[in-house]
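Taken straight from TrEMBL:
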SIGNAL    1-21  signal peptide
DOMAIN    74-175  domain 'Beta-hexosaminidase bacterial type N-terminal'
DOMAIN    178-340  domain 'Glycoside hydrolase family 20 catalytic'
ACT_SITE  Glu338  active site, proton donor
DOMAIN    348-485  domain 'Glycoside hydrolase family 20 catalytic'
Amino acid sequence: MLIQRYRLIATLLGVPVLTLAHDLIPPLLEKADTFTQDIWLLEQSDKIIYLDNDFASVSDKDGLTLIPPTALDFATTFRDDLDQITGLNWTLKQVDKIASNASGIYLGAYTGEASDLAYENGKSNSEGYEISINSARITIGGNGARGLWWGTRTLLQLLSQADNGTLTTTYARDAPAYSTRGYMLDAGRKWYSKDFLKELCSYASFFKMNEFHYHLSDNYPLNRGKNETWQDVYSHFSLLPEDEDLRGILHGRENETLSRDDFDDLQQHCASRGVTVIPEIEAPGHSLYLTKWKPELALPKKDLLNLTHPDTLPTVQKIWKEFLPWFKTKEVHIGADEYDAELADDYIMFVNKMSRFINSTSDKRSRIWGTHEPSKKNQTIDKDVVIQHWQYGQSDPVQLVKDGYDVINSEDWWAYTSLKNDHMPILPARYPQFFNENRVFNFADKGGWQWTPADFNPFNTSMQLEDDEPRLRGATLAAWNDNGPDASTQLEAYYSMRRGIALVGARAWSGSRGAQLFNETTDTSIDYYSSKAPGQNLDRRLSVSNTDTNGTLLSWSRSSGNSEKINMGKGSKGMNYTLTLSISGPFTLSGPDNSLSLDKSGNLVFEADGWEYPLRHVSEEDALELDPGHPGRIWVNASSSTHKPVKISVPAEITLVADVLHGTVVLIGSKVKGRFEVFVYGGRNTQFSWSQMAFVAPLDEVKGEVSRLTLNGSAMFSATKENEKTPNVPGENNAAPTQCLPGLITLTLMAMAVMVTWQGL
């Protein structure tokens, strides 16, 4: 294997060799290995970042953001990230020229030919960079401000695993294959806070993702659920209109919206990390947020707009006119999927009028979801509209390109997840609850075929696009909340997307020309970087700098007999954990993400995002034995679990054991008492099940009759399961073949492998 050959060569040269414990994600495009005794030492380096004065004011014009950071902006954020990664204080200095004997990190312009850093289709861009490491200093040269930024992500990945801050001398050039490397989150069927969305941007940026597709309006499916009337079906619009005449689209949930200042803050934060927010307002389908406000605009299927009503188009345009000034992007998404195919001509007219309206009003370009549109009048969608393909039968990307459309790959076979539960029994798309890694490593179920954005069709493998197709923009994965706002917590969206963001970011960056991922080592590398990516703590570690998860993390006892509120100030503890509470009566534990309470009647309840989840009875077998096809799901006809609320008698010692797949299970003594779960309606209300809820432990405040609290960093479901490693999330990687290692960066004098599981403290 390649890594062994590197070791052999270095050994023959007399150079001591240690390899990187973890792959770079994405791998570098080109790297010149050098086998010398020269090394760069963090300890001996000046803790100074030098920024070239001539480059400091550079900002990119070829990206989609309308608020492009300058190189100085990116360098400032990099300094803060470097402080976090190294635990040291760094200084940023602007210089006209760096002294020959200066050490530290130098940031400036790329010194080679810009054409060397083009996209795979040959188009020049500002996202490429070079990185040089020698004993004197580290130099990053960006082809633009964003290129400089992406180079700093590579350096941070290297430094995060550098043994004693030691890096070998090397030189590399790197550039993305595609301009669109995105992730989508459905915020139209569940509310997500600004802070969570900002953290998710920070995480995605670490893997060189550059777009956040913000699906901000939608509704729960009309063909499932317990709602008696369509007016009661959950719908949501995530932005708070300043025009009070438009507040009717919110249906009383103003507290679950982003104000203009909030949204500005989100966009600025994401842009500061190289990520552009692409907002989507759905219409003419998925429009219950609008038709519940104005029922006269609905078709008989109430989430579809009647496009022949004279007020429909003006109403949609009024909404867009309100928000277009908010959107700091050159492109927006107008939805336009799953409309009645019998009304194709009305649909095409609507899309074209909306696209032209948005362009004339704001000079922005529109995207839509690929949708079946059998026009009876030979009408077509305007060629300026970008088509985001999501399913065969709805659109054909090969034909779209032939017809002159720019396309984005979101083919549901590889790209889609459905948070917490699939669409069972709806076919062909039974979307997994966690991103399906196997479909990236083995596209079309072909062993060793690593997916790229040019790979659309898993059914007819000869019908793909060329890797260098000029109209292929890239790819976006998507996480959907079809199961409604109570089916998952905000953090469970991260659990679902965590690995997919890294994998899709890597493959969209590398394309077919770059290094492939190595399945086995990439797996542990993603786990490692999840706790290292700066600007976020989505794993909810108690200490960002400490990744040790074994043993007792927190032990607290009440010093007096009163039940006054005590501020522990520990925030939340994420997966995995075991929390043991000694209680004698009602209590409340609260944190930034949720709260846990026991009332006078003995009801033990988690509250998160405004939803309550009482402890419910499940058998030990149902709680602990995971369904390999869909971990955490229990069908309603499982006879050993009643799913009725469970009462807790006091005094008691309660133990909560949590991981992503089992959810949060409660034990009294050594006996399983139940778990916290949610009822899920299957597709078309034909199959029903209960799914796990993976709650983080709330550790900010404790109030009430709690005398002792102990927190362990493992999920100890029983004495025999203590310190058991949680299975990877998701599964389906068992058939992935071994790949070659062209993308595994081998550097001398680096850290020995430390296998860190995803149980970040």
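All positions are counted from 1 along the displayed chain.
Yeah, the Cβs are placed from backbone N, Cα and C, and that goes for glycine too.
The average pLDDT the prediction assigns to the domain 'Beta-hexosaminidase bacterial type N-terminal' (74-175) is 96.
Under the DSSP three-state reduction, the residue listed as 'active site, proton donor' is assigned to coil, being neither helix nor strand. Around the Cβ of Glu338 (active site, proton donor), the same chain contributes Gly285, His286, Trp369, Thr371, each under 8 angstroms and 6 or more positions distant in sequence.
When the domain 'Beta-hexosaminidase bacterial type N-terminal' (74-175) is classified with DSSP, helix, strand and coil residues number 36 helix, 30 strand, 36 coil.
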